[in-house]
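K.L.:
I have a structure I would like to understand better, so I am pasting it below and will then ask my questions one at a time.
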Amino acid sequence: MSTAFRSCFVLSGFILSYITYLILGALVFSAIERPVEETLKSDLNSLKAEFLNLSCINASALESFLDRVLKANKYGVSVLENSSLRSNWDLASSLFFANTMVTTVGYGHTTPLSDAGKAFSIVYALIGVPFTMLVLTACVQRLMHPLTYGPISMCQRRAGLQPRAASVVHFIVLLILVVLGFFVIPALVFSAIEESWSFLDAFYFCFISLCTIGLGDFVPAEKPGQRLRALYKISVMVYLFVGLMVMFLVLRTFHKLADVYGWTAFFQLPSYEEEDEDKEPIIEREPDDESPEAEKASHKPLDPSSQVSYNSINR
């Protein structure tokens, strides 16, 4: 088995294990939180019916009702009829929640309702966050050669550029492609799907998400009556994972550029070292070209008379 094939096999195993981890987490979250959510919705509907049946509404009754409604809304449960029809803890929503947790995006639009859910979130994130970083690092290491080392080497060979100039040209082109492919085009798509989002809102959402800031003021697929909501959420999950991987790739490429220009040495930062699999030996050995006589001579002991001694040095 070759090294490249073994590396691809291990990477595929990492990705499959990561997907399995997300699905298992989503199943556990859905099993824990969905019954609690249904109970909270039922209590909120009963409270709403009692409030509407009041013949005389005073300030204390209104404040009590609003306090209960706002507390439920903090956990993603709304008193509105259209919003109460969907669940925040179905499989797709739980999968989306698990993904935003382990990628540290964390929009905060949905939070665990029960103590069991909060305890499981701690354990799940404790394992999931390093696991996500490991998978992202493994993916970026495989992408560095075809997307960074290869293009820079091509610029040097075909365009005759020096290493510094080739690194700058490559980084600028990569940055433009990333902005177009992961900010501008997705922003156009999000602004078309989300009717209440402008292009600036969608671009802002893409930037906040891929920088793992995740303020939560804009969250996709939360509109009541959203068509193909489950597929939409899963598509956003894929976009977040691939986008984070590309952002990591841009940072690694910039680190390589800083190394070429000596910025890392100037600021006394650790230099970027290429992986062993990406390095080529300076001198290639060709053992097949050696003749039997040469090989025999290489193993023959030296003649003592040919060795340099102290007495042979001219005084």
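Glycine residues also receive a Cβ, built from the backbone N, Cα and C atoms like all the rest.
From TrEMBL, here are the annotated features:
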type: TRANSMEM; residues: 7-31; note: transmembrane segment
type: DOMAIN; residues: 86-144; note: domain 'Potassium channel'
type: TRANSMEM; residues: 122-144; note: transmembrane segment
type: TRANSMEM; residues: 165-190; note: transmembrane segment
type: DOMAIN; residues: 179-256; note: domain 'Potassium channel'
type: TRANSMEM; residues: 202-219; note: transmembrane segment
type: TRANSMEM; residues: 231-251; note: transmembrane segment
type: REGION; residues: 273-315; note: region 'Disordered'
type: COMPBIAS; residues: 293-302; note: compositional bias 'Basic and acidic residues'
type: COMPBIAS; residues: 304-315; note: compositional bias 'Polar residues'
K.L.:
Looking at 122-144, 165-190, 231-251, which one has the highest count of Cβ pairs under 8 angstroms to the transmembrane segment (202-219)?
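P.N.:
Result: 165-190.
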K.L.:
With DSSP, how much of the domain 'Potassium channel' (179-256) is helix, how much strand and how much coil, in residues?
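P.N.:
Split into helix, strand and coil, the domain 'Potassium channel' (179-256) gives 55 helix, 0 strand, 23 coil.
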K.L.:
Provide the three-state DSSP residue tally for the domain 'Potassium channel' (86-144): helix first, then strand, then coil.
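P.N.:
Taking the domain 'Potassium channel' (86-144) as a whole: 42 helix, 0 strand, 17 coil.
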